[in-house]
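Participant: Below: one structure in structure tokens.
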Amino acid sequence: MHRYRSHNCAALRKHDVGKHVRLSGWVHRVRDHGGILFVDLRDHFGITQIVANPASPAFEIIEKVRSEWVIRVDGEVCARSDEVINTVLPTGEIEIFVKEVEILSKSDELPLPVFGEPDYPEDIRLKYRFLDLRRETMHKNIMRRTEIITAIRRSMQNNGFTEFTTPLLTASSPEGARDFLVPSRIHQGKFYALPQAPQQYKQLLMMSGFDRYFQIAPCFRDEDPRADRLPGEFYQLDVEMSFVEQEDVFVTMEPIMRSIFEEFANGKPVTQNFPRISYDEAIKKYGSDKPDLRNPIIMQDVSQHFYDSCFKIFAQILTNDENAQVWAIPAKTGGSRAFCDRMNLWAQSEGQPGLGYIFWREEEGKFEGAGPIAKNIGEQRTEALRIQLGLESGDACFFIAGNPKKFSTFAGAVRTRIGEELDLIDRECFSLAWIVDFPFFEWNEDEKKLDFAHNPFSMPQGGKNALECQDPLTLKAFQYDLVCNGYEIASGGIRNHSPEMMLKVFNLAGLSREVVEDRFGALYRAFHYGAPPHGGMAAGVDRIIMLLQGVKNLREIALFPMNQQALDLLMSAPSDVSSAQLRDLGIRVAPAAKNGS
């Protein structure tokens with residue numbers, strides 16, 4: 001018999017009754033029922049119940065074991081009586097009457113419980129992550145993560161993609177966040193950078209004559225953490241294809257993404273044909289470029305009802321600013337003064353002056369609007385608003401006025417808040433859509449210059465002619481995002497493969513030819529030697545797994561994550577290094593940095 005086990009702790013069934021077996025694992029819990037000891041023995045695969053009575057030669061040792069000790073047991077498989085069968089466990093019809101026990105490893109007093117999975121402070125969980133990962137939910141999360149990544153790889157390979165591994169030590173380049181820098185010992189005073197994304201490498205693979213690339217790529221960005229973004233390191237499904245247009249990417253990647261969601265959605269419906277929504281439409285209807293389409297609320301421009309109205313606040317805003325609009329945010333079933341007042345208080349807590357609103361009631365077969373706005377704009381305009389918005393008795397609507405560029409984000413937050421408060425959001429589905437036609441540039445008011453709105457390597461719609469003839473702020477890019485349930489889960493684009501257009505695009509953003517050649521020299525050179533049209537995308541693996549597992553925090557689906565302060569509490573990183581190491585690198589740490597100031 002094997003030194004440690006003949007079976008794992010999930011393998012034995014009723015047909016194994018009578019067998020002499022050997023199991024090894026962790027003591028999940030111990031129970032004493034009338035002098036008979038019951039031990040739940042746990043390993044990676046599951047749990048088997050071990051039984052020891054006072055007559056067993058192993059009883060004296062079993063009495064001593066405690067939670068999370070590691071033991072080996074030898075014994076006989078016996079059938080449980082019908083009244084004590086555990087239908088929750090696959091092994092619930094049997095138990096092992098123990099004959100021999102060996103203690104393989106003892107455990108100190110636990111800093112957090114493994115059995116029962118109560119809430120526990122996150123910093124303790126991260127410091128003792130090896131214990132946290134023994135808990136059933138966390139263990140399942142990590143195994144599901146592996147299953148999803150395996151399914152992604154299989155699907156990509158089945159669709160003709162080849163997996164390549166790109167370097168982790170590269171040159172620093174601006175990708176929208178700070179780089180993690182790695183000092184060079186051989187070339188003192190110079191630094192490598194960990195890649196924020198394999199953007200240039202994957203494009204260079206297309207220059208190298210490869211056709212369809214993918215990689216589950218580690219990416220490193222020194223940015224502030226959020227619940228839906230891990231500090232430091234994250235993983236993305238990186239994809240690039242040669243000789244493609246935007247539609248080719250959609251036709252190829254949409255079935256792959258849909259199949260992954262369907263395989264791991266636990267029966268929840270998944271969008272079959274992903275709608276294409278322009279960036280401008282997404283902002284106007286949903287107040288976000290990553291709309292949650294499970295929320296049925298669609299915002300509308302209702303400015304025409306407020307021009308020259310007696311609701312002077314909105315009328316003056318429209319008169320004083322030609323770009324001003326009034327947006328309506330319908331709230332089906334929200335037609336009570338209490339709810340409207342609650343929303344108003346919430347808006348004020350968000351730093352806003354408040355929310356205008358109307359709610360409707362039906363009196364003697366006639367709809368009546370209530371609230372300050374209805375009182376000021378009159379019955380005719382109030383009814384016209386109700387008809388346009390498709391509202392009924394018991395419904396409400398909230399209003400925001402001003403320049404949409406300034407209030408659209410808040411309007412989107414109002415839409416989300418209403419959907420959550422009124423339970424309008426369908427929590428039992430995955431709603432996916434492509435967001436397309438992103439603006440190429442945006443205006444940086446602080447620096448009085450153009451910035452890239454998205455990826456600087458994308459192809460401008462209209463090509464070279466548009467670059468030369470159009471107002472840069474009206475340019476659209478062949479740039480797209482894939483969104484799901486209010487999260488951006490992928491981003492991509494058709495790439496610019498012309499060196500002349502590359503220079504023109506970066507010149508518009510204030511970067512000279514010399515800067516482009518310095519920061520993106522490899523890509524710029526490659527464009528001079530026969531560059532194929534190409535495009536692709538990158539999908540956030542961690543975020544997709546988070547959605548499929550139904551958790552709110554990425555740390556729940558990552559093995560050894562940092563905390564919110566970008567500290568690795570398990571490995572005590574970042575850490576001090578020795579003076580000798582610093583001397584080898586030609587680095588001296590400033591006194592202020594040593595003191596943490």
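A Cβ is built for glycine as well, from the same backbone N, Cα and C atoms used for every other residue.
For reference, Swiss-Prot lists these features for the protein:
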SITE      HIS33  site 'Important for tRNA non-discrimination'
BINDING   GLU175, ARG221, HIS454, ARG495  L-aspartate binding site
REGION    199-202  region 'Aspartate'
BINDING   ARG221, ASP222, GLU223, GLU488, GLY540, VAL541, ASP542, ARG543  ATP binding site
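I would like each feature placed in context: is it buried or exposed, what are its neighbours, and how far apart are things?
Facilitator: Other Cβ atoms within 10 Å of the Cβ of HIS33 (site 'Important for tRNA non-discrimination'), summed over all protein chains shown, number 8. HIS33 (site 'Important for tRNA non-discrimination') falls within a strand segment according to DSSP.
A 10 Å cutoff on Cβ-Cβ distances gives ARG221 (L-aspartate binding site) a total of 21 other Cβ atoms nearby, all chains included.
Among residues of the same chain six or more beyond the region 'Aspartate' (199-202), those with a C-beta under 8 A of the stretch's C-beta atoms are 166-167, 170, 173, 175, 213, 215, 238-240, 455, 457, 520, 522-523, 536.
Reduced to three states, the DSSP call for ASP542 (ATP binding site) is helix.
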Participant: Please work out the helix, strand and coil residue numbers for the region 'Aspartate' (199-202) from the DSSP assignment.
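Facilitator: Counts, helix then strand then coil: 4 helix, 0 strand, 0 coil.
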Participant: Please identify, among the recorded positions HIS33, ARG221, HIS454, ARG495, the one with the smallest Cα-Cα distance to ASP542 (ATP binding site).
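Facilitator: In terms of Cα distance, ASP542 (ATP binding site) lies closest to ARG221.
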Participant: For a quick check of understanding: among the binding-site residues HIS454, ARG495, ARG543, which residue's Cβ has the most other Cβ atoms within 10 Å?
Facilitator: ARG495
Participant: Specify the nearest of the recorded positions HIS33, ARG221, HIS454, ARG495 to GLU488 (ATP binding site), where nearness means the distance between Cα atoms.
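Facilitator: Among HIS33, ARG221, HIS454, ARG495, HIS454.
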Participant: If you measure from the C-alpha of HIS454 (L-aspartate binding site), which of the recorded positions HIS33, ASP222, GLU223, GLY540, VAL541, ARG543 fall inside 10 Å?
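Facilitator: Close recorded positions: none.
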